[in-house]
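Taken from TrEMBL as is:
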- 41-290: domain 'G-protein coupled receptors family 1 profile' (DOMAIN)
- 25-48: transmembrane segment (TRANSMEM)
- 60-82: transmembrane segment (TRANSMEM)
- 102-120: transmembrane segment (TRANSMEM)
- 140-162: transmembrane segment (TRANSMEM)
- 197-216: transmembrane segment (TRANSMEM)
- 237-260: transmembrane segment (TRANSMEM)
- 272-292: transmembrane segment (TRANSMEM)
Amino acid sequence: MEPYNQTYMSSFILLGLSSIPYLQVIYFLIFLIIYTITLSGNVLLIVLVRIDSQLHTPMYFFLTNLSFIDICFSSTIVPKILVNTFSQDKSISFLGCASQMYFSLALGATECIILAVMAYDRYVAICNPLQYQIIMHKQICISLAAFSWILSFLNSVVHAVLTFRLPYCKSKLVNHFFCEMPPLFQLACKDTLFNEVAVYISGGIIALFSFLLTLISYFHIISTILKIRSNKGRYKVFSTCGSHLAVVSLYYGTIAFMYLRPRSSYSPDRDRAISMLYTVVTPMLNPIIYSIRNKDVKGTLKRKLAMKSYR
């Protein structure tokens, strides 16, 4: 065995975003507002889909999965940020750090796959509309969602075990606002090449599979749209995909940049900004993007508000 001058690491200290008092106040208010919008927006979207039978379709089934993921994803990270902003004790237990990393990684991978499944759903709806009900039946939708959750949580087990079996003897200070693999690797007193290769392989497979499924789906979607003669018809069909494309571009881009890159490019300040995009900002934007651009969701909300005011 390799000799390490290591003591048992019972906790870590999250350095957070800033130690300057007035910036801490600003960050607290920003994150509190973002978290409130995230929770209310995603919960509202789930409730609207549940109460309106017209929205009981595969597309909205996967959209409610996405909203539930965003609620859990944000809740795994943001409350700890809010507590640490003003607290003198910014420590997080070894088990708490492992749990936070496990769930954030698992939920992030689940969102990645669900977005790809949603692209496939749009492909079937646009390119094979007559067979849509046959292909995207209830059982296959549940199976696809279950596959996304199970695969992602099993993948996260591997990384959590590998990461927290590393000997940590350099420092307890995690230069980040939550427990994530890249900053934790910096604290290990053992070479982390094996862990990084494991991230590249499993993350690459999940990201590549999801990206290829999305890319192929949209290749066929665009080909079908281009065959439509009227500009109005093209816009109407493409508008059903616009929201999804916006979310996919933001999410895949930030995830790929964070995890699928050489170790030499690690930069704490830049990585905190990138992590903030997909862990805090994207969960808030998802329900807003889908609601603003979605006539069905807006129609359901207007009807329910009108019924409430009439009563």
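For all residues, glycine too, the Cβ spot is worked out from N, Cα and C.
In TrEMBL, annotation is done automatically, which means it is predicted and not curated.
Contact between the transmembrane segment (60-82) and the transmembrane segment (197-216) is absent: fewer than three CB pairs lie under 8 Å, with pairs separated by 6 or more positions in sequence.
Within the same chain, the transmembrane segment (197-216) stays apart from the transmembrane segment (25-48): fewer than three Cβ pairs sit under 8 Å, each pair at least 6 residues apart.
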